[in-house]
Every structure is written in C-alpha cells, then in structure tokens.
Ligand SMILES: N[C@@H](CCC[C@H](N)C(=O)O)C(=O)O
C-alpha cells in the first residue's frame, strides 16, 4: 500500500512565504533536496518549510522549521503566527502554545480577523548566546572586519538572539545598499559561527523603524518576524526607541512590544493562500483548494 499524500497549507505573514505540512498523524521527513526543489520558483515557492508534529510536552503542537536551503533552524516568528492561526482555528480557542527548538511560544487571537500575536520569549544579548565567535562585552555595537567591498559604509551592527541569530546595521536609507550582494557575505562572516540573519534598519521616530532583511538560508524576503523583533529590541537598547514600535518591512507592518517581563510580543497579519498535497515518493505537489482553511 502506498504512503498517504502529505497535506500542506500555503500561507504567508506579510509575504514571508511558508508551506506548512501537517505531520501530526503521518510522520514526514522531506530530504534536503526535495525541500530546495519544492521551495523554488518551479515548486510551491516558500521561504520556510514548516512541519507541525505532535507535541512532546503536552502543548498544542510542535513546530519544526527548515529554511529554503534545507537547513533546520530554531525560530521563525511569522510562521509561528501562521501555525497559531491554524491551531486556534482547530480548537476554537483564543491562544495556542507551540513547542519549538527555541522554547514554548504562545500565539494569541487579537480579535481582528487574520491578525495574530505571538510571545517570542526573551531576547538574548550575550556574545556566546547569539552566538559570536569572539567575546564582546557590549553587543549593542560589535566591530566587524568587513572586506573592502562594503567597508566603510557598513559597520558596528547590533547583535541579538531571539531564538535565532541576528545582526542589525543602522543606516539612513535601507534601500541605498545592495543587500542581495553583501547579505550572503555577512551571513557567512566568520564572526557568526552559526551564520546570521542580516538586517538594515532605519530609525524613523521613537515608535517606528523601517527594516530590510537578508535571511540566513533563504535570501531577501518580504518580511522576517524575528528580524523585526531583533531590530526593535536593539533599537530600544540603544535608546533610539520606546518599548513599543511599528516595524515596517517590505511586506508590511509588524507591531513589536518589549514588555516589562522581558518578553517580546509581535503582532501582524497572516494570510492563508491555498492548500494541497505532496506525493511522499516523487515529491510532486498539487494545489487543491484556494481561499479557505
Ligand atoms: N522568516 C523568519 C525567520 C526564519 C529563519 C531564519 N531564516 C533563520 O535562519 O534564522 C521569521 O519570520 O522570523
């Protein structure tokens, strides 16, 4: 008897695109080359492949994250909001707790359709926690040796871990730099032993930032939720912003609040696009339904 087809939903958070597989009843383990093919232009097309599995801690579900390059990573803010939306839709509840490699994360229904919040937990700033390859006492600004192509225009990024590693460069104009060219160089800079997500951030006011991100393992994306959180808390630590900001990404706005209990809340829109199936043997996929969950 042939294995059952793998069900997936295509969703996005501000254009940050996901294929979300449901492996709660039938285990799914897609090989790296299948993830790369399905994620590309001729495949389903996604930034991350998300797998929902049964929780091992008795919470609503476990979520695993693979970047489009096939590598498994710890955190994805926008996908956590999408998975929260799925789980709350199933339970009819107002919140869902999701087990991730970055810890237990809780998603909330905001009461506005398709606007979902998630508690991303506590940011970490220690050089070993980010991680960085060498000691830095103050990660609000780290000195990097950057090759002649981009130096001296980019320097002294802030470094933050919000489940995954981020470096944020403070600039006057996020569109004035060729992020597609130097993003991969910085992602693989030896100071980041686990590579890093690279953002350009402009401070618009005490309550607004504009951010563009080169995502580790993916490339330029329309939005990166953890980059929005990392940029917001870095701006707050540097004294640029208040404790709640609107972060405008190419795909739209996210509200980020760093609460007094040190937890970072992220709120924004999600979108269900269509659902479909993947053949577990050939990895051929087809869309089966549009516009309804
Ligand atoms: N799109 C994500 C982040 C996904 C993981 C990231 N590329 C990494 O490698 O850490 C988000 O919304 O946070």
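Placed from the backbone N, Cα and C atoms, the Cβ positions cover glycine too.
TrEMBL entries are annotated by machine, without manual review.
In this structure, residue 76 (active site, proton donor) belongs to neither helix nor strand by DSSP; it is coil. Around residue 76 (active site, proton donor), the C-beta neighbours below 8 angstroms that are at least 6 residues distant in the chain are 18, 48, 50, 65, 164, 225, 226. TrEMBL lists 76 with the feature active site, proton donor.
Marked as active site by TrEMBL: 76.
For residue 224 (active site, proton acceptor), applying a Cβ distance below 8 Å and a minimum sequence separation of six or more within one chain yields 16, 77, 78, 197, 199, 211, 213, 215, 249. Residue 224 (active site, proton acceptor) carries neither a helix nor a strand DSSP state and counts as coil. The active site, proton acceptor feature in TrEMBL is assigned to 224.
TrEMBL lists 16, 48, 67, 77, 78, 164, 197, 215, 216, 225, 226 with the feature substrate binding site. Reduced to three states, the DSSP call for residue 216 (substrate binding site) is coil.
Taking the mean position of the Cβ atoms of 16, 48, 67, 77, 78, 164, 197, 215, 216, 225, 226 as the substrate site, the remaining same-chain residues with a Cβ inside 8 Å of that point are 47, 73, 75, 76, 79, 213, 218, 221, 224, 227. Listed binding-site residues: 78, 197; maximum Cβ neighbour count within 10 Å falls on 78.
Cβ environment of residue 216 (substrate binding site): 67, 73, 164, 165, 187, 195, 196, 197, 198 lie under 8 Å away, each six or more residues apart in the same chain. In this structure, the binding-site residues 16, 67, 226 were compared by how many other Cβ atoms lie within 10 Å of their Cβ, and the smallest count belongs to 67. Residue annotation for substrate gives 16, 48, 67, 77, 78, 164, 197, 215, 216, 225, 226. The furthest Cα pair among them is separated by 16 Å.
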